[in-house]
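Feature annotation from TrEMBL assigns active site to Arg310. Annotation source TrEMBL lists Zn(2+) binding site at Gln127, His129, Glu154, His291. Look at TrEMBL and you will find 22-170 tagged as domain 'Phosphomannose isomerase type I catalytic'. The feature domain 'Phosphomannose isomerase type I helical insertion' is assigned by TrEMBL to 187-271.
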Amino acid sequence: MEIATVVKANGGCEADRRRRLRRLRCSVKDYAWGKIGSDSLVYRVYAANSDQPIDSTRPYAELWMGTHQSGPSYLEDDADGGSDGVTLRSWIAENPEALGDRVLEKWGCDLPFLFKVLSVGRALSIQSHPDKVLAKKLHKAHPNLYKDDNHKPEMALAYTQFEALCGFIPLQELKSVIRAIPEIEELVGSEEANQVFCISEHDEEKVKSAVRTIFTLLMSAGPDTTKQIVSKLKHRLHMESQERHLTDKERLVLKLEKQYPDDIGVISAFFFNYVKLNPGEALYLGANEPHAYLFGECIEVMATSDNVVRAGLTSKPLDIQTLCSMLSYKLGFPEILKGSRIRPYITRYLPPFEEFEVDLCDLPCGASTVFPSVPGPSLLLVLQGEGRMSTDASADEISMGDVLFVPADTEIHLKSSSDLKLYRAGINSRFLDSP
């Protein structure tokens with residue numbers, strides 16, 4: 001009887017150990033478009049999260065939290081686990097119950113989402129992400145460029161004012177652009193450019209076909225022609241700025257030209273919606289939608305993938321033919337998510353993708369709240385303040401820069417000791433709640 005009691009107790013301790021919150025050390029990316037040193041939110045979070053010396057002269061573009069092999073997270077060493085140097089991915093492989101049954105059945109023994117912080121100092125490339133079918137083809141054909149075979153729907157939640165180009169502008173606006181920007185007609189030809197004036201927005205397939213033709217011709221222009229046309233555009237806008245106020249899009253184009261001289265992406269910016277997010281607003285993107293983040297800082301979550309097809313505003317390898325052929329060519333302004341209050345101090349952002357959602361917790365000093373137990377894993381990121389986080393298996397003091405993995409079926413109690421801002425990335429609740 002005594003032996004059985006000891007075994008049962010040891011089993012309970014082991015179960016509690018597996019259900020504990022796991023502190024993570026995370027990876028950082030120093031892409032050239034990132035903000036430099038302490039100007040970067042990524043730098044400040046990484047400096048608080050890392051136990052390594054930090055170089056304040058480098059750009060800090062992205063902090064990665066998750067299991068992707070290109071930027072793995074590691075378990076922080078703990079007294080009873082001895083886990084320092086163990087990746088989150090390998091820990092999950094040994095403790096698959098931490099994902100919950102539904103997640104294991106759907107996505108296997110891995111975290112299906114990747115969580116990031118972005119600090120954007122200058123424009124990212126004009127890019128799109130493939131769907132699952134194309135991702136498998138690209139990964140098989142070019143594994144050095146396309147590192148995995150997964151799709152990459154994503155959502156960006158603004159932490160500061162955040163600017164992006166996203167999706168094609170509506171047809172009426174496109175007609176105005178072609179009338180106002182003669183350089184586009186010069187690049188693609190009069191007959192092709194004028195197609196848009198002969199179609200109705202109600203004929204969706206003809207609209208998509210016309211936009212596909214014009215955009216592909218534009219993006220396929222040779223380097224000498226592009227250089228000449230961009231120079232002409234720049235000169236014209238500078239001259240006209242002395243006689244009229246330039247539009248927001250025209251001022252943006254001049255800014256992009258300074259960042260990426262002689263790049264076809266400068267002119268292609270006229271084709272995209274110019275989106276300005278306020279802090280707390282979010283933008284989501286499905287497969288095959290063109291976009292480019294321009295400036296600001298955001299929290300980003302996506303399916304676990306690093307597949308990017310690029311076609312401008314970058315010195316990285318371009319795949320213009322693939323990008324132009326893969327795009328959906330849907331026109332119209334993207335949906336902006338404001339979030340929904342799900343309980344005191346917690347706002348949820350719920351995109352139409354199964355892999356992820358984000359909760360934002362703004363907890364005033366001295367206040368308390370609860371993240372209810374859900375049948376899937378979560379990652380928690382503290383971006384401001386201090387407090388205490390407890391479960392039935394552990395209690396942790398938390399502060400800015402802390403990142404924690406939360407196993408499935410874990411209820412979290414939070415109490416702040418100063419104004420606390422915390423983000424939770426988890427499996428989309430519509431998926432978890434579905435029959």
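Using the three backbone atoms N, Cα and C, a Cβ is placed for every residue, glycine included.
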Near Zn(2+): residues not in Gln127, His129, Glu154, His291 with Cβ within 8 Å of the site Cβ centroid are Ser128, Lys152, Leu285, Glu289, Pro290, Val308
By a simple count of other Cβ atoms within 10 Å, which of His129, Arg310, the recorded positions in the record, is least packed? Arg310
One should report the C-alpha separation between Gln127 (Zn(2+) binding site) and Arg310 (active site), rounded to whole angstrom, as 4
CB contacts for His291 (Zn(2+) binding site) [other CB atoms within 10 A, all chains]: 23
Write down the Cα-Cα distance for Arg310 (active site) and His129 (Zn(2+) binding site), rounded and given in Å. 9
As a test of the contact definition, list every same-chain residue at least 6 positions from Glu154 (Zn(2+) binding site) whose Cβ is closer than 8 Å to its Cβ. His129, Tyr284, Leu285, Glu300, Val301, Met302, Ala303
Take the Cβ of Gln127 (Zn(2+) binding site) and count every other Cβ within 10 Å, whichever protein chain it belongs to. 24
Just the number: how many Å between the Cα atoms of the residue listed as 'active site' and His291 (Zn(2+) binding site)? 10
So what pLDDT does the domain 'Phosphomannose isomerase type I helical insertion' (187-271) average out to? 95
For the domain 'Phosphomannose isomerase type I helical insertion' (187-271), what does DSSP give as the number of helix, strand and coil residues? 65 helix, 0 strand, 20 coil
